[in-house]
(Lines of atoms letter the chains of each structure in order from A and count residues from 1; the text may use other names and numbers.)
(Lines give C-alpha, C1' and ligand atoms only; values in the text may rest on other atoms or scores of the structure.)
Protein backbone atom coordinates (compact mmCIF):
# COMPACT_ATOMS: atom_id res chain seq x y z
CA UNK A 1 0.00 0.00 0.00
CA UNK A 2 1.42 3.39 -1.03
CA UNK A 3 1.74 5.81 1.93
CA UNK A 4 -0.24 9.01 1.58
CA UNK A 5 -0.93 12.14 3.57
CA UNK A 6 -4.06 11.84 5.76
CA UNK A 7 -6.95 14.16 4.94
CA UNK A 8 -7.00 17.54 6.59
CA UNK A 9 -9.22 17.89 9.66
CA UNK A 10 -12.14 20.25 9.29
CA UNK A 11 -11.82 21.67 12.78
CA UNK A 12 -8.18 22.66 12.38
CA UNK A 13 -7.41 26.26 13.16
CA UNK A 14 -4.44 27.91 11.53
CA UNK A 15 -2.17 30.40 13.09
CA UNK A 16 -2.13 33.87 11.68
CA UNK A 17 0.49 34.35 9.00
CA UNK A 18 3.28 36.67 10.04
CA UNK A 19 2.99 40.07 8.46
CA UNK A 20 5.75 42.00 6.93
CA UNK A 21 6.17 44.06 10.06
CA UNK A 22 7.06 40.99 12.17
CA UNK A 23 10.54 41.09 13.62
CA UNK A 24 13.18 38.44 12.96
CA UNK A 25 13.21 37.34 16.64
CA UNK A 26 9.55 36.38 16.43
CA UNK A 27 10.21 34.28 13.36
CA UNK A 28 13.04 32.40 15.10
CA UNK A 29 10.76 31.26 17.98
CA UNK A 30 9.08 28.62 15.83
CA UNK A 31 5.50 27.64 15.37
CA UNK A 32 3.23 26.23 18.11
CA UNK A 33 0.63 23.50 17.95
CA UNK A 34 -2.78 25.05 17.43
CA UNK A 35 -5.23 24.60 20.32
CA UNK A 36 -8.99 24.41 20.14
CA UNK A 37 -10.90 27.09 22.00
CA UNK A 38 -12.41 26.09 25.37
CA UNK A 39 -15.97 26.97 24.29
CA UNK A 40 -15.98 24.09 21.80
CA UNK A 41 -15.45 21.44 24.55
CA UNK A 42 -18.40 19.30 25.67
CA UNK A 43 -19.72 20.38 29.10
CA UNK A 44 -19.03 17.90 31.91
CA UNK A 45 -21.62 17.02 34.56
CA UNK A 46 -20.33 17.92 38.05
CA UNK A 47 -19.85 15.13 40.57
CA UNK A 48 -22.48 16.55 42.89
CA UNK A 49 -24.98 19.34 42.71
CA UNK A 50 -25.11 20.03 46.42
CA UNK A 51 -22.54 21.03 48.95
CA UNK A 52 -21.23 18.36 51.28
CA UNK A 53 -22.99 18.16 54.60
CA UNK A 54 -20.94 18.15 57.75
CA UNK A 55 -21.29 14.61 59.20
CA UNK A 56 -21.13 14.89 63.02
CA UNK A 57 -19.86 11.31 63.48
CA UNK A 58 -16.96 11.82 61.05
CA UNK A 59 -15.80 15.11 62.55
CA UNK A 60 -14.07 15.38 65.94
CA UNK A 61 -16.33 16.20 68.89
CA UNK A 62 -17.12 19.86 69.27
CA UNK A 63 -17.01 21.63 72.59
CA UNK A 64 -20.31 23.35 71.76
CA UNK A 65 -22.12 20.01 71.57
CA UNK A 66 -24.21 19.78 74.72
CA UNK A 67 -26.81 17.50 76.15
CA UNK A 68 -29.11 18.11 73.17
CA UNK A 69 -26.73 16.26 70.84
CA UNK A 70 -27.39 12.50 70.45
CA UNK A 71 -23.67 11.86 70.17
CA UNK A 72 -22.54 13.82 73.25
CA UNK A 73 -18.88 13.39 72.52
CA UNK A 74 -17.18 10.06 73.30
CA UNK A 75 -18.98 9.40 76.57
CA UNK A 76 -21.51 6.61 76.98
CA UNK A 77 -25.13 7.42 77.84
CA UNK A 78 -25.95 7.17 81.52
CA UNK A 79 -29.19 5.32 80.79
CA UNK A 80 -29.39 1.75 79.57
CA UNK A 81 -31.46 1.12 76.41
CA UNK A 82 -33.16 -1.73 78.26
CA UNK A 83 -36.39 -1.21 80.27
CA UNK A 84 -36.18 0.64 83.57
CA UNK A 85 -35.09 -1.22 86.65
CA UNK A 86 -38.26 -0.04 88.41
CA UNK A 87 -40.24 -2.52 86.33
CA UNK A 88 -40.33 -5.68 88.40
CA UNK A 89 -40.57 -9.26 87.23
CA UNK A 90 -43.04 -9.96 84.43
CA UNK A 91 -44.68 -13.36 84.12
CA UNK A 92 -45.14 -14.91 80.68
CA UNK A 93 -47.72 -17.66 80.85
CA UNK A 94 -48.76 -19.97 78.02
CA UNK A 95 -50.14 -23.48 77.64
CA UNK A 96 -48.13 -26.29 76.11
CA UNK A 97 -49.46 -29.03 73.83
CA UNK A 98 -50.00 -31.41 76.75
CA UNK A 99 -52.35 -28.94 78.55
CA UNK A 100 -49.62 -28.10 81.03
CA UNK A 101 -48.78 -24.60 82.20
CA UNK A 102 -45.26 -23.26 81.76
CA UNK A 103 -44.11 -20.02 83.37
CA UNK A 104 -40.92 -18.09 82.89
CA UNK A 105 -39.73 -15.06 84.78
CA UNK A 106 -37.82 -12.17 83.31
CA UNK A 107 -35.20 -10.74 85.61
CA UNK A 108 -34.69 -6.96 85.76
CA UNK A 109 -31.89 -5.62 83.59
CA UNK A 110 -28.77 -4.08 84.98
CA UNK A 111 -26.92 -1.01 83.83
CA UNK A 112 -24.40 -2.30 81.33
CA UNK A 113 -23.04 1.11 80.34
CA UNK A 114 -21.51 1.62 83.77
CA UNK A 115 -19.52 -1.58 83.38
CA UNK A 116 -18.27 -0.65 79.90
CA UNK A 117 -17.42 2.99 80.69
CA UNK A 118 -16.93 3.27 84.46
CA UNK A 119 -16.27 6.53 86.24
CA UNK A 120 -15.40 7.12 89.86
CA UNK A 121 -18.94 8.20 90.69
CA UNK A 122 -20.49 5.33 88.78
CA UNK A 123 -18.17 2.82 90.48
CA UNK A 124 -19.31 3.97 93.91
CA UNK A 125 -22.98 3.87 92.89
CA UNK A 126 -22.64 0.42 91.34
CA UNK A 127 -20.92 -0.99 94.42
CA UNK A 128 -23.73 0.28 96.63
CA UNK A 129 -26.42 -1.09 94.30
CA UNK A 130 -24.74 -4.52 94.08
CA UNK A 131 -24.59 -4.80 97.85
CA UNK A 132 -28.24 -3.84 98.29
CA UNK A 133 -30.05 -5.33 95.33
CA UNK A 134 -27.60 -7.75 93.67
CA UNK A 135 -28.97 -7.09 90.17
CA UNK A 136 -27.91 -9.14 87.15
CA UNK A 137 -25.77 -7.10 84.76
CA UNK A 138 -26.35 -9.16 81.64
CA UNK A 139 -29.80 -9.23 80.03
CA UNK A 140 -31.73 -12.48 80.56
CA UNK A 141 -32.77 -14.79 77.78
CA UNK A 142 -35.94 -13.94 75.93
CA UNK A 143 -39.09 -15.86 76.95
CA UNK A 144 -39.89 -18.91 74.86
CA UNK A 145 -43.14 -18.78 72.94
CA UNK A 146 -45.66 -21.61 72.96
CA UNK A 147 -45.03 -22.34 69.30
CA UNK A 148 -41.26 -22.61 69.75
CA UNK A 149 -41.70 -24.90 72.75
CA UNK A 150 -44.12 -27.11 70.81
CA UNK A 151 -41.70 -27.33 67.87
CA UNK A 152 -38.77 -28.18 70.16
CA UNK A 153 -40.75 -30.99 71.82
CA UNK A 154 -41.78 -32.38 68.43
CA UNK A 155 -38.13 -32.25 67.31
CA UNK A 156 -37.02 -34.18 70.41
CA UNK A 157 -39.66 -36.86 69.79
CA UNK A 158 -38.58 -37.14 66.15
CA UNK A 159 -34.92 -37.48 67.17
CA UNK A 160 -35.77 -40.27 69.64
CA UNK A 161 -37.83 -42.12 67.01
CA UNK A 162 -34.99 -41.72 64.50
CA UNK A 163 -32.44 -43.12 66.98
CA UNK A 164 -34.66 -46.15 67.70
CA UNK A 165 -35.06 -46.77 63.98
CA UNK A 166 -31.29 -46.63 63.45
CA UNK A 167 -30.77 -49.10 66.31
CA UNK A 168 -33.30 -51.50 64.77
CA UNK A 169 -31.76 -51.20 61.31
CA UNK A 170 -28.27 -52.10 62.56
CA UNK A 171 -27.66 -55.80 61.78
CA UNK A 172 -27.26 -57.99 64.82
CA UNK A 173 -27.67 -61.53 66.09
CA UNK A 174 -31.31 -62.49 66.72
CA UNK A 175 -32.19 -62.91 70.37
CA UNK A 176 -33.23 -66.56 69.91
CA UNK A 177 -29.87 -67.36 68.26
CA UNK A 178 -27.63 -65.94 70.98
CA UNK A 179 -25.65 -68.65 72.79
CA UNK A 180 -25.26 -67.95 76.48
CA UNK A 181 -22.84 -69.58 78.93
CA UNK A 182 -25.63 -71.59 80.53
CA UNK A 183 -26.78 -72.93 77.17
CA UNK A 184 -23.23 -73.91 76.21
CA UNK A 185 -22.79 -75.65 79.57
CA UNK A 186 -25.98 -77.65 79.05
CA UNK A 187 -24.88 -78.68 75.58
CA UNK A 188 -21.35 -79.79 76.46
CA UNK A 189 -21.38 -80.88 80.11
CA UNK A 190 -24.76 -82.59 80.52
CA UNK A 191 -25.23 -86.07 79.05
CA UNK A 192 -28.42 -88.22 78.80
CA UNK A 193 -27.16 -90.46 81.61
CA UNK A 194 -26.77 -87.53 83.93
CA UNK A 195 -30.21 -86.17 83.01
CA UNK A 196 -31.89 -89.52 83.79
CA UNK A 197 -30.30 -89.89 87.19
CA UNK A 198 -30.62 -87.68 90.20
CA UNK A 199 -28.10 -85.12 91.34
CA UNK A 200 -26.89 -87.35 94.17
CA UNK A 201 -26.24 -90.27 91.86
CA UNK A 202 -24.27 -87.97 89.56
CA UNK A 203 -21.98 -87.01 92.41
CA UNK A 204 -21.43 -90.67 93.45
CA UNK A 205 -21.15 -92.11 89.94
CA UNK A 206 -17.87 -93.79 89.08
CA UNK A 207 -16.29 -92.90 85.79
CA UNK A 208 -15.39 -95.98 83.75
CA UNK A 209 -12.88 -95.50 80.96
CA UNK A 210 -12.64 -98.29 78.42
CA UNK A 211 -9.11 -98.93 77.15
CA UNK A 212 -8.57 -98.11 73.50
CA UNK A 213 -7.52 -101.03 71.36
CA UNK A 214 -4.71 -100.17 69.02
CA UNK A 215 -4.17 -102.41 65.99
CA UNK A 216 -0.75 -103.77 65.30
CA UNK A 217 1.18 -102.45 62.37
CA UNK A 218 2.62 -105.45 60.48
CA UNK A 219 5.23 -103.27 58.79
CA UNK A 220 6.58 -102.03 62.12
CA UNK A 221 6.44 -105.37 64.01
CA UNK A 222 8.76 -108.36 63.75
CA UNK A 223 6.02 -110.94 64.21
CA UNK A 224 5.16 -113.08 61.15
CA UNK A 225 1.81 -114.70 60.34
CA UNK A 226 1.91 -118.50 60.31
CA UNK A 227 0.52 -120.67 57.54
CA UNK A 228 -2.37 -121.86 59.67
CA UNK A 229 -3.58 -118.28 60.14
CA UNK A 230 -3.31 -117.64 56.41
CA UNK A 231 -5.40 -120.73 55.57
CA UNK A 232 -8.03 -119.73 58.10
CA UNK A 233 -8.33 -116.27 56.57
CA UNK A 234 -8.60 -117.77 53.08
CA UNK A 235 -11.43 -120.08 54.09
CA UNK A 236 -13.30 -117.17 55.69
CA UNK A 237 -13.06 -115.14 52.49
CA UNK A 238 -14.29 -118.06 50.35
CA UNK A 239 -17.28 -118.47 52.65
CA UNK A 240 -18.21 -114.83 52.13
CA UNK A 241 -17.60 -114.81 48.34
CA UNK A 242 -17.07 -118.21 46.60
CA UNK A 243 -16.19 -116.53 43.25
CA UNK A 244 -13.35 -114.50 44.67
CA UNK A 245 -10.62 -116.72 43.10
CA UNK A 246 -11.74 -117.09 39.46
CA UNK A 247 -14.33 -114.35 38.79
CA UNK A 248 -13.65 -110.69 38.03
CA UNK A 249 -16.43 -108.16 38.66
CA UNK A 250 -16.87 -104.80 36.89
CA UNK A 251 -18.75 -101.98 38.68
CA UNK A 252 -19.68 -98.45 37.63
CA UNK A 253 -19.02 -95.19 39.47
CA UNK A 254 -22.16 -95.69 41.58
CA UNK A 255 -20.92 -99.06 42.85
CA UNK A 256 -23.42 -101.10 40.85
CA UNK A 257 -22.28 -104.43 39.32
CA UNK A 258 -22.11 -104.12 35.54
CA UNK A 259 -20.46 -107.38 34.45
CA UNK A 260 -18.92 -110.54 35.87
CA UNK A 261 -16.36 -112.59 33.92
CA UNK A 262 -14.42 -115.74 34.75
CA UNK A 263 -10.66 -115.63 34.52
CA UNK A 264 -8.55 -117.93 32.43
CA UNK A 265 -5.64 -119.91 33.81
CA UNK A 266 -3.19 -117.34 32.42
CA UNK A 267 -5.10 -114.49 34.05
CA UNK A 268 -5.26 -116.36 37.35
CA UNK A 269 -1.50 -116.72 37.28
CA UNK A 270 -1.02 -113.05 36.51
CA UNK A 271 -3.55 -111.74 39.04
CA UNK A 272 -2.70 -114.17 41.83
CA UNK A 273 -2.10 -112.29 45.10
CA UNK A 274 1.35 -112.52 46.58
CA UNK A 275 2.25 -112.64 50.25
CA UNK A 276 4.14 -109.58 51.39
CA UNK A 277 5.44 -111.22 54.55
CA UNK A 278 6.58 -114.82 54.20
CA UNK A 279 7.03 -117.11 57.17
CA UNK A 280 10.22 -119.01 57.91
CA UNK A 281 8.62 -122.23 56.67
CA UNK A 282 7.97 -120.71 53.23
CA UNK A 283 11.47 -119.29 53.03
CA UNK A 284 12.97 -122.74 53.49
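The backbone N, Cα and C atoms fix where each Cβ goes, glycine too.
Computed from a predicted structure; not experimentally measured.
The compositional bias 'Polar residues' annotation in Swiss-Prot covers 18-52 (among others).
Per Swiss-Prot, compositional bias 'Polar residues' is recorded for 61-79 (among others).
Around the Cβ of residue 5 (phosphothreonine), 5 further Cβ atoms fall within 10 Å across all displayed protein chains. Mapped onto three states, the DSSP output places residue 5 (phosphothreonine) in coil. The phosphothreonine annotation in Swiss-Prot covers 5 (among others) and is backed by experimental evidence.
In the three-state DSSP assignment, the secondary structure recorded for residue 33 (phosphothreonine) is coil. What Swiss-Prot lists as phosphothreonine is 33 (among others).
Annotation source Swiss-Prot lists phosphoserine at 76 (among others).
The DSSP secondary structure for residue 173 (phosphothreonine) is coil. Long-range C-beta contacts of residue 173 (phosphothreonine), restricted to its own chain and to partners at least six residues apart, with a cutoff below 8 Å, are absent. The phosphothreonine feature in Swiss-Prot is assigned to 173 (among others).
Among the features that Swiss-Prot reports, phosphoserine is placed at 198 (among others), with the record citing a large-scale study or a structure entry.
Annotated phosphoserine per Swiss-Prot: 201 (among others), in sequence order, evidence recorded as a large-scale study or a structure entry.
Taken from Swiss-Prot, the feature lysine derivative covers 268 (among others). Sequence-distant neighbours of residue 268 (lysine derivative) (same chain, 6+ apart, CB under 8 A from its CB) are 245, 246.
Residues annotated as lysine derivative in Swiss-Prot: 272 (among others). Taking Cβ-Cβ distances under 8 Å and a sequence separation of 6 or more, residue 272 (lysine derivative) has no neighbours in its chain.
What Swiss-Prot records for 274 (among others) is lysine derivative. All protein chains shown were included, and the count of other CB atoms within 10 Å of the CB of residue 274 (lysine derivative) stands at 5.
Annotation comment: Swiss-Prot describes 1-89 as region 'Disordered'.
Here the CA atom of residue 274 (lysine derivative) lies 132 Å from the CA atom of residue 5 (phosphothreonine).
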